[in-house]
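Student: This is the structure, below, for whatever I ask next.
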Amino acid sequence: MVVKVGINGFGRIGRIVFRNAIEHNDVEIVAVNDPFIEPHYAAYMLKYDSQHGQFKGDIKVEGNDLTINGKTIRFYTEKDPANIPWSETGAYYVVESTGVFTTTDKAKAHLKGGAKKVVISAPSADAPMFVMGVNNETYTKDIEVLSNASCTTNCLAPLAKVIHDKFTIIEGLMTTVHSYTATQKVVDGPSAKDWRGGRTAAQNIIPSSTGAAKAVGKVIPDLNGKLTGMSMRVPTSNVSVVDLTVRLEKGATYDEIKEAVKAAADGPLNGILGYTEDEIVSTDLNGDTRSSIFDAKAGISLNKNFVKLVSWYDNEWGYSRRVLDLLVYIAKVDGNA
């Protein structure tokens, strides 16, 4: 059974989720809502993408709706989520990708329009967070609003799970070397809460905060309080990389660590965790659907108990694919797929 989904917010992640859904046989996008974009402009932004190229399909505007590959997608422009008539299209699930309605109470407004469940495509202060391959099996039917966590948490958590399950992480620090995003500036501009964040994105390496490492403690409770991290925003447009430095309880050679990651990537975490010994750089992974691609040749160990691990991720495409995978997973648990 195909899962019918609505998208609220047709920005960066909303559009990339839509593009991924075209490739995902188990998901059908039936409606989109964005109060700041009219349908013709939405069609234009969906068709042309500076990072991922031109949309491979047919896009038309008919009345106020989009027609994608012959299928009608209802297009709404409601500012209040409570006023979006999701029930008109049978959208049982909603992807909340505005970046605005990220708490349980705010996201629950979608239920008034007929949606039954909401997946927030961002970290949430109070909604339960799920990372595919890590803690998705803890989802229960009674949960109405949930979060897919962040792109960085989706990269870090599968790797941390493998290492912790096999060797036990005592403590660790993470740095994500992260491509710039839409919240940053093209030229220097005001940013009262984050002075460095107001500097030109394309010219600077900008230290920044991230809650991604601490969030791992929410999806892997055994690591709660054992990981923290920071971000370096760099002048690349997409694809980021996690640098995880951990102290291990059970000593292991770097080769043993590689073997453990490869076994997980080829086995239970296939499609989520990747493994490569190729001499790759960031652009090689543009459009990669996996959450985390372990770079076997980039890591180093000081000794058997202290190691630095490196794992790549397409912070747009891979994350958006996991949003859909999470939707399909919860639909199966709910009995709707």
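Just so you know, glycine gets a Cβ as well, placed from its N, Cα and C.
Keep in mind that this is a model prediction, so the values were computed, not measured.
The following feature annotations were taken from Swiss-Prot:
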{"type": "BINDING", "residues": "R12, I13, D34, K79, N315", "note": "NAD(+) binding site"}
{"type": "BINDING", "residues": "S150, C151, T152, T181, T210, G211, R233", "note": "D-glyceraldehyde 3-phosphate binding site"}
{"type": "ACT_SITE", "residues": "C151", "note": "active site, nucleophile"}
{"type": "SITE", "residues": "H178", "note": "site 'Activates thiol group during catalysis'"}
Student: Could you measure the widest C-alpha to C-alpha distance across R12, I13, D34, K79, N315, the residues recorded as binding NAD(+), and give it to a whole number of angstrom?
Tutor: 27
Student: Given a separation of at least six residues and a C-beta threshold under 8 Å, show me what packs close to H178 (site 'Activates thiol group during catalysis') in the same chain.
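Tutor: Set apart from H178 (site 'Activates thiol group during catalysis') by at least 6 residues yet with Cβ under 8 Å, we have T152, S208, T210, S231, M232, R233, V234, S240, N315.
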Student: If I restrict to non-local contacts, at least six residues apart, and a C-beta distance under 8 angstroms, what lies near I13 (NAD(+) binding site) in its own chain?
Tutor: S97, S121, E316, Y319, S320, V323
Student: Per 10 Å Cβ neighbour count, which of the binding-site residues R12, T152, T210 ranks highest?
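Tutor: Counting every other Cβ within 10 Å of each candidate, the maximum falls on T152.
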Student: Between R12 (NAD(+) binding site) and S150 (D-glyceraldehyde 3-phosphate binding site), what C-alpha distance do you get in Å?
Tutor: 14
Student: Across all chains shown, how many C-beta atoms besides its own are within 10 angstroms of the C-beta of S150 (D-glyceraldehyde 3-phosphate binding site)?
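Tutor: Other Cβ atoms within 10 Å of S150 (D-glyceraldehyde 3-phosphate binding site): 22.
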Student: Around the D-glyceraldehyde 3-phosphate site formed by S150, C151, T152, T181, T210, G211, R233, list the extra residues of the same chain whose Cβ is within 8 Å of the site's Cβ centroid.
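Tutor: In sequence order, the nearby non-listed residues are T176, H178, A212, S231, S240, N315.
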Student: Does C151 (D-glyceraldehyde 3-phosphate binding site) have same-chain partners at least 6 apart in sequence with Cβ under 8 Å from its own Cβ, and which are they?
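Tutor: Listed in sequence order: S240, Y313, N315, E316, G318, Y319.
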Student: Got a sec? Which of these binding-site residues, K79, R233, has the most Cβ atoms within 10 Å?
Tutor: R233
Student: List the same-chain residues at least 6 positions away in sequence whose Cβ sits under 8 Å from the Cβ of T181 (D-glyceraldehyde 3-phosphate binding site), in sequence order, or say none.
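Tutor: Residues satisfying the criterion: R12, R233, N315.
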Student: Once the chains shown are all counted, how many other Cβ atoms turn up within 10 Å of the Cβ of D34 (NAD(+) binding site)?
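Tutor: So the Cβ neighbour count for D34 (NAD(+) binding site) comes to 24.
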Student: Taking just the CA atoms, what is the gap between S150 (D-glyceraldehyde 3-phosphate binding site) and D34 (NAD(+) binding site) in Å?
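Tutor: So the Cα of D34 (NAD(+) binding site) lies 22 Å away from that of S150 (D-glyceraldehyde 3-phosphate binding site).
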